[in-house]
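Okay, structure first, notes after.
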Amino acid sequence: MSSGANITYASRKRRKPVQKTVKPIPAEGIKSNPSKRHRDRLNTELDRLASLLPFPQDVINKLDKLSVLRLSVSYLRAKSFFDVALKSTPADRNGGQDQCRAQIRDWQNLQEGEFLLQALNGFVLVVTADALVFYASSTIQDYLGFQQSDVIHQSVYELIHTEDRAEFQRQLHWALNPSQCTDSAQGVDEAHGPPQAAVYYTPDQLPPENASFMERCFRCRLRCLLDNSSGFLAMNFQGRLKYLHGQNKKGKDGALLPPQLALFAIATPLQPPSILEIRTKNFIFRTKHKLDFTPIGCDAKGQLILGYTEVELCTRGSGYQFIHAADMLHCAESHIRMIKTGESGMTVFRLLAKHSRWRWVQSNARLIYRNGRPDYIIATQRPLTDEEGREHLQKRSMSLPFMFATGEAVLYEISSPFSPIMDPLPIRTKSNTSRKDWAPQSTPSKDSFHPSSLMSALIQQDESIYLCPPSSPAPLDSHFLMGSVSKCGSWQDSFAATGSEAALKHEQIGHAQDVNLALSGGPSELFPDNKNNDLYSIMRDLGIDFEDIRSMQNEEFFRTDSTAAAAGEVDFKDIDITDEILTYVQDSLNNSTLLNSACQQQPVTQHLSCMLQERLQLEQQQQLQQPPPQALEPQQQLCQMVCPQQDLGPKHTQINGTFASWNPTPPVSFNCPQQELKHYQIFSSLQGTAQEFPYKPEVDSVPYTQNFAPCNQPLLPEHSKSVQLDFPGRDFEPSLHPTTSNLDFVSCLQVPENQSHGINSQSAMVSPQAYYAGAMSMYQCQPGPQRTPVDQTQYGSEIPGSQAFLSKVQSRGVFNETYSSDLSSIGHAAQTTGHLHHLAEARPLPDITPGGFL
């Protein structure tokens with residue numbers, strides 16, 4: 001076999017001829033060149049002969065003179081074969097068969113053979129004994145990339161791989177032994193295959209045509225322009241050897257040679273195609289480009305698929321104008337790879353067809369060399385469906401930091417892709433050579449960039465090709481959506497102004513009902529002019545239509561309605577982490593403690609009423625004594641400490657009860673306005689007579705407590721020389737002393753643990769978290785039944801005189817009196833333990849000097 005340097009394969013050898021123009025006949029008397037006249041007549045005859053060939057006009061226009069002659073001879077030989085093969089018998093020449101022949105001619109007009117070729121997974125190939133392609137069907141282009149006119153009457157060895165040429169020659173011989181031929185051995189070593197066989201067989205030397213060993217089935221590799229890996233495609237040949245009639249060949253002596261055997265086979269790809277390849281194999285088209293991808297030619301199928309004529313395709317400039325903006329960089333990467341390696345590989349992108357339609361194609365481009373230099377590009381495209389294109393787009397590996405298709409880089413909504421400093425310099429011409437006229441243009445135009453650049457191709461594209469026509473029956477209007485947004489903004493403004501959550505919910509429900517009523521009118525009333533609306537196009541691309549908007553509005557309405565119905569339930573999103581979680585825990589502890597202390601409230605109440613009656617008698621005896629004149633000062637100081645608590649905001653805890661204002665003889669109620677409990681429902685049960693208090697004190701845990709006795713007298717008894725006092729709830733100035741909670745005056749009466757009367761110990765209300773060493777809770781109040789004025793109690797000091805009291809305070813140092821450290825927290829009464837004694841002489845409150853409150 002010859003070396004690899006002498007091996008050549010089939011390639012496109014055709015070149016586009018110069019367009020022929022009809023020249024006028026010269027006038028008489030003017031001399032003309034006889035050889036030129038001869039060439040002109042020859043060209044005219046060749047053009048007329050080419051027009052008779054059974055090929056499309058675009059193929060005929062690209063044929064050279066030798067190709068026209070070659071195809072003409074091949075056509076005549078094929079016609080001779082069919083004339084002999086289909087020749088009827090002498091019995092058929094009777095007149096009775098003429099009508100059947102006429103019907104056959106009518107059936108032939110249906111082009112049934114073309115449909116059979118399309119349904120066939122392969123192409124038909126007829127090869128003579130001297131290895132010339134006698135016939136190849138037009139479907140060879142779908143598998144090998146060669147057109148029918150490229151291979152007919154050419155050597156078949158130009159298509160076969162060098163390692164498979166010997167096997168193909170063996171299959172052409174009827175006995176599978178081509179070595180019997182004298183000159184066949186040297187033929188395979190030649191560059192273009194073996195020469196014409198020197199031995200011809202007579203029918204007596206050959207077996208019958210229908211013999212079983214005349215069948216052939218073998219495999220070999222054929223040259224393929226569509227393959228992107230090896231350049232060869234493994235094909236399976238299945239057929240038989242048959243006589244090739246009507247060739248009328250003559251031998252060296254001039255004698256007519258008998259018909260010789262030829263291989264009639266069907267070549268199918270060894271790897272079966274997929275369903276999609278079977279469906280789209282007949283739509284493969286090819287385009288020819290310059291090295292900068294400017295199209296310079298397109299075949300008939302490409303014009304049919306894209307809708308352009310060859311003139312329209314070749315006069316637009318850069319081929320990137322026909323590529324989608326999201327695929328330009330991807331195609332440019334394949335273009336650079338093709339320039340470096342000679343082949344681009346399979347590239348999937350979108351091509352712009354006529355009437356602003358995008359077609360997904362799978363393309364493979366190759367460099368074609370001439371004289372050792374790249375000359376042009378041949379690109380083979382196979383149309384894809386939209387589903388296949390989207391699948392390839394998802395699999396595409398994006399090496400760039402952004403992607404055009406997702407909207408991250410807007411190409412058509414900006415005035416300039418560069419900053420003013422980076423504006424490209426204009427091309428200086430004769431008209432702007434002067435300095436005063438020369439200035440950089442800030443606005444990019446088609447002339448601002450290189451004609452073959454990607455940016456120039458993007459600017460030259462029309463923006464309308466990326467706008468999809470509206471097709472949804474329920475369009476959207478921007479005015480409607482903007483109105484919804486404005487109404488949503490008004491909801492937020494009203495909510496910020498009122499601060500009421502219920503008002504917000506009511507407003508949302510009302511608005512949702514109005515929108516649903518508006519939507520019930522139909523799209524024709526809401527969206528009269530919106531077919532060309534950009535917002536509508538965007539919503540249509542997102543798959544949102546009229547029914548989706550209606551369902552979203554209904555969803556919002558039902559969600560708001562259910563929220564309003566469940567307003568009394570606890571919403572964990574509204575819980576304040578710093579304050580209300582502690583309140584929730586405290587409520588849980590209260591509920592567990594109240595169950596244990598409920599059984600003890602009734603005997604305590606009865607015992608307290610007896611003690612209050614005894615205390616009332618003692619206080620009436622003290623009314624006769626003369627009170628000291630400075631008794632009013634501590635009373636006023638105590639009231640000033642209480643009054644600032646009346647100005648607390650609605651966030652703080654309020655007691656669902658009423659206090660008595662202080663009058664001299666009959667106790668007058670302390671009218672505190674009852675406010676709604678917004679967040680805290682801890683003391684909502686303080687309306688009954690048997691009040692439940694949350695905490696039980698620990699015995700012997702308090703170092704010191706004062707003994708006091710409850711009474712049924714007013715809180716501040718009036719003395720003989722004092723005037724009546726009435727303390728309004730909000731007319732006092734704030735005191736400089738630490739403020740206390742209102743709950744200090746609603747503390748329960750404390751009962752000792754071990755008492756001779758047999759009364760069970762009752763827990764007092766626990767105070768909050770801080771202790772103050774300089775103040776004492778002097779009064780405790782218990783709410784009466786059915787919102788009646790509470791009975792007031794008075795502390796009685798066991799040590800006579802204020803100085804003794806102060807000395808005891810200073811000696812002990814620590815009291816169990818507690819006050820709230822934060823106004824936002826809930827105040828409680830002081831926790832005390834000890835024994836109650838019936839005092840013989842109880843000193844009134846004015847004996848306590850103000851020094852105890854410093």
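Numbering starts at 1 and runs along the chain as it is shown here.
Just so it is clear, glycine is given a Cβ too, placed from its N, Cα and C backbone atoms.
What Swiss-Prot lists as compositional bias 'Polar residues' is 440-452.
Here Swiss-Prot flags 26-79 as domain 'bHLH'.
According to Swiss-Prot, the feature domain 'PAS 1' maps to 111-175, an assignment based on sequence analysis. Confidence over the domain 'PAS 1' (111-175), given as mean pLDDT on the 0 to 100 scale, stands at 89.
Annotated domain 'PAS 2' per Swiss-Prot: 270-340, in sequence order.
With helix defined as DSSP H, G or I and strand as E or B, the domain 'PAC' (346-387) counts 2 helix, 32 strand, 8 coil. The domain 'PAC' feature in Swiss-Prot is assigned to 346-387; the stated evidence is a curator's inference.
Per Swiss-Prot, region 'Disordered' is recorded for 1-38 (among others).
According to Swiss-Prot, the feature region 'Disordered' maps to 425-452 (among others).
The annotation motif 'Nuclear localization signal 1' is assigned in Swiss-Prot to 12-15 on the grounds of similarity to another entry.
For 36-41, the entry in Swiss-Prot reads motif 'Nuclear localization signal 2', with the evidence type similarity to another entry.
Look at Swiss-Prot and you will find 63-71 tagged as motif 'Nuclear export signal'.
According to DSSP, the domain 'PAS 2' (270-340) comprises 41 helix, 10 strand, 20 coil. Residues in the motif 'Nuclear export signal' (63-71) partition by DSSP class (helix H, G, I; strand E, B; coil) as 7 helix, 0 strand, 2 coil. Residue counts for the domain 'bHLH' (26-79) under DSSP, split into helix (H, G, I), strand (E, B) and coil, are 37 helix, 0 strand, 17 coil.
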